Amino acid sequence: MAAYLISFIWVSVILAQKSMGHSLFACEPITLRMCQDLPYNSTFMPNLLNHYDQQTAALAMEPFHPMVNLECSRDLRPFLCALYTPVCMEYGRMTLPCRKLCQRAYNECFKLMEMFGVPWPEEMECSRFPDCDEPYPRIVDISLSGEPSEETPLAVQRDYGFWCPRELKIDPDLRSSFLGVRDCSPPCPHMYFRREELSFARYFIGVISIVCLSATLFTFLTFLIDVTRFRYPERPIIFYAVCYMMVSLIFFIGFLLEDKVACNGANPSQYKASTVTQGSHNKACTMLFMVLYFFTMAGSVWWVILTITWFLAAVPKWGSEAIEKKALLFHASAWGIPGTLTIILLAMNKIEGDNISGVCFVGLYDVHALRYFVLAPLCLDVVVGVSLLLAGIISLNRVRIEIPLEKENQDKLVKFMIRIGVFSILYLVPLLVVIGCYFYEQAYRGVWETTWVQERCREYHIPCPYKVTQTSRPDLILFLMKYLMLLVVGIPSVFWVGSKKTCFEWASFFHGRKKKAGVNESRQVLQEPDFAQSLLRDPNTPIVRKSRGTSTQGTSTHASSTQLAMLDDQRSKAGSVQSKVSSYHGSLHRSRDGRYTPCSYRGIEERLPHGSMSHLTDHSRHSSTHRLNEQSHQGSIRDLSNPLAHISHGTSMNRVIEADATSA
């Protein structure tokens, strides 16, 4: 009783699957020569072994022909015919062969099958069939219902849908599907392109990946040379570059691997062709997918965070330190969201090999995965990023127009806005092209697949599409454009860090010099004192400019210089005296007789007051060094004791020579 129940459930499930994917079926006369002399003459297709017609069933029975011709068992031919061309008892009802019939055929022909190298298929295991009292359906049952009635057509032309060829079938444990059919995988090489086209595309992707890898690696190394140079709001550019550096690295690895990871090897002995790798059973393919998908999504999220930091700096006027306090939240979002999506795809077993680029990704053959895990995140990032970017640029432009700034700050602000605009365009244009390619691919995927089935149905011995109205093949340029724009997206980061300062940093790095701490020009625009006051002040409050001790023409004023000199502490005055002494000693030249003379005598004479040259006698020249040391020592003590001493103007050389002439 239990065996009958299991058999009934098995047949019901198979019929339910057929009714969901195909049209209604009908009884049809048996055309197989091997099954012509049986007590029944009509069968039901498709059968229990997923053969959609009798021609396909005949091809599947060919390996058993030697055993049937040698008559290893008189029950083998009835058993095969009952399984491959089952008797049609009623419309939509099939009768399974009995277990005893299967066991006798297997026991008597097993050794001969081993000799011919013919395996006993798993779907023909005797335990799957019911334990009948009679090994075969009774003739009475066959004669009553074997002839087709007027209500049941003998055969109709109908749409069978896609049936997976034997060459493309895979292990059921892999839980993969192709064109809606389980345990089936797409063929390798690619379904739509020739081998020479695939070879050209692979080299094209390899060259572009090297260019992108070089650009993003240069950006990252520039950041490592001077970590303090790139702070918020522009720090996300570095992480954005790191993401696309990893993306380009994975594509370069795929170029080196060719299709060794993206495709499963062929097995001619089991009639298995090379198929696309699907699922997480291939560890190398899984690793390539995880890194590629994770960093692709993380790169787009970091671009959104970059627009957020620009928005915070331009609209609410946040400073670099305030934005940097949110760095933990930025990192949690940029790495957490892609990580969650990657884990979900791993759990759903949506990994697919790409036999064009040699990597593994998602949505290459599954339109639903492409729509929800690739297109949706990218479109959301573009909408949010563009909105924040436009808001920030509009705010900065309003500052430039409404608030009066110095010409230098105006130029810096305009330059900063231009850099933001150019960088955003260089990112958005390739990304929008990639999204457009994905939308086009999603819209025409069904037409391409139908065309492929139409062209290969006779080769694979599967049913051809019924009433095909549109056929089309994809152009290789579409896929090349998609891969090109996907990699070019990472190159704009090098334009942001590319400047004269970067060249100086690399030159200093190669020469082993330590670079002085500086402020990046793009960040300095938002931190300029006058510019920051203009951003943070009340629009109705007038701007009060404070003097820094120098005029706009760059000339020193007497009042400001004197005031700054009077406010210096004693330590700075002592250092000033030391600098005077060292300056004078540096300007003296020692002659052969041991005397020290000024190096530029003519220049000193021109700078001295009228009549002062007459006091520079030979005696004063001999003792100038001695008096200089004594007067410098006395002057330094006198200066330290009187903090409000008068500071004379002129160069240190003039002051020292004037004092020497007076004492003489």
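Just so you know, glycine gets a Cβ as well, placed from its N, Cα and C.
Taken verbatim from Swiss-Prot:
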SIGNAL    1-16  signal peptide
TOPO_DOM  17-204  topological domain 'Extracellular'
DOMAIN    22-135  domain 'FZ'
DISULFID  Cys27-Cys88  disulfide bond
DISULFID  Cys35-Cys81  disulfide bond
CARBOHYD  Asn41  N-linked glycosylation site
DISULFID  Cys72-Cys109  disulfide bond
DISULFID  Cys98-Cys132  disulfide bond
DISULFID  Cys102-Cys126  disulfide bond
TRANSMEM  205-225  transmembrane segment
TOPO_DOM  226-236  topological domain 'Cytoplasmic'
TRANSMEM  237-257  transmembrane segment
TOPO_DOM  258-287  topological domain 'Extracellular'
TRANSMEM  288-308  transmembrane segment
TOPO_DOM  309-327  topological domain 'Cytoplasmic'
TRANSMEM  328-348  transmembrane segment
TOPO_DOM  349-373  topological domain 'Extracellular'
CARBOHYD  Asn355  N-linked glycosylation site
TRANSMEM  374-394  transmembrane segment
TOPO_DOM  395-419  topological domain 'Cytoplasmic'
TRANSMEM  420-440  transmembrane segment
TOPO_DOM  441-476  topological domain 'Extracellular'
TRANSMEM  477-497  transmembrane segment
TOPO_DOM  498-664  topological domain 'Cytoplasmic'
REGION    537-664  region 'Disordered'
COMPBIAS  549-564  compositional bias 'Polar residues'
COMPBIAS  573-585  compositional bias 'Polar residues'
Quick one: which of these disulfide-bonded residues, Cys35, Cys88, Cys109, have their CA within 10 A of Asn41 (N-linked glycosylation site)?
Cys35, Cys88
So, taking each listed stretch (328-348, 420-440, 477-497) in turn and counting its Cβ pairs to the transmembrane segment (374-394) that are under 8 angstroms, which one gives the highest count?
420-440
Sparsest Cβ surroundings (other CB atoms within 10 Å) among the disulfide-bonded residues Cys88, Cys102:
Cys102
Residues that sit under 8 angstroms from Cys81 (disulfide bond) by C-beta distance, when 6+ apart in the chain:
Leu32, Met34, Cys35, Leu38
For each of the glycosylation sites (Asn41, Asn355), count the other CB atoms lying within 10 A of its CB, then report the residue with the highest count.
Asn355
Sort out for me which stretch, of 205-225, 288-308, 328-348, 420-440, 477-497, has the most Cβ pairs below 8 angstroms to the transmembrane segment (237-257).
205-225
Top stretch among 288-308, 328-348, 420-440, 477-497 for CB pairs under 8 A with the transmembrane segment (205-225)?
477-497
Check the transmembrane segment (328-348) against each of 288-308, 420-440, 477-497 and return whichever range has the most CB pairs under 8 Å.
288-308
Surrounding residues of the topological domain 'Extracellular' (349-373) on its own chain - C-beta under 8 Å, 6+ positions past either end:
175-176, 178, 186, 188-190, 193, 198, 201-202, 205, 250-251, 253-263, 276-280, 282, 285-286, 288-289, 292-293, 341, 438, 441-442, 445, 479, 483
Among the disulfide-bonded residues Cys35, Cys72, Cys109, which residue has the fewest other Cβ atoms within 10 Å of its own Cβ?
Cys72
Which residue, out of the disulfide-bonded residues Cys27, Cys98, Cys132, shows the minimum number of other Cβ atoms inside 10 Å of its Cβ in this structure?
Cys132
Based on DSSP, tally up the residues of the topological domain 'Extracellular' (441-476) by helix, strand and coil.
21 helix, 0 strand, 15 coil
Quick test of the contact rule: Cβ under 8 Å, at least six residues beyond the ends. What residues does that give for the topological domain 'Extracellular' (258-287)?
166-170, 174-176, 185-189, 202, 346, 349, 351-355, 357-360, 364-365
What residues, ordered by sequence, lie under 8 A Cβ-to-Cβ from Cys126 (disulfide bond) and sit at least six positions away in the same chain?
Arg99, Cys102, Gln103, Tyr106
By CA-CA distance, flag whichever of Cys27, Cys88, Cys98, Cys132, Asn355 among the recorded positions is nearest to Cys109 (disulfide bond).
Cys98
Cα distance, Cys132 (disulfide bond) to Asn355 (N-linked glycosylation site), nearest Å?
50
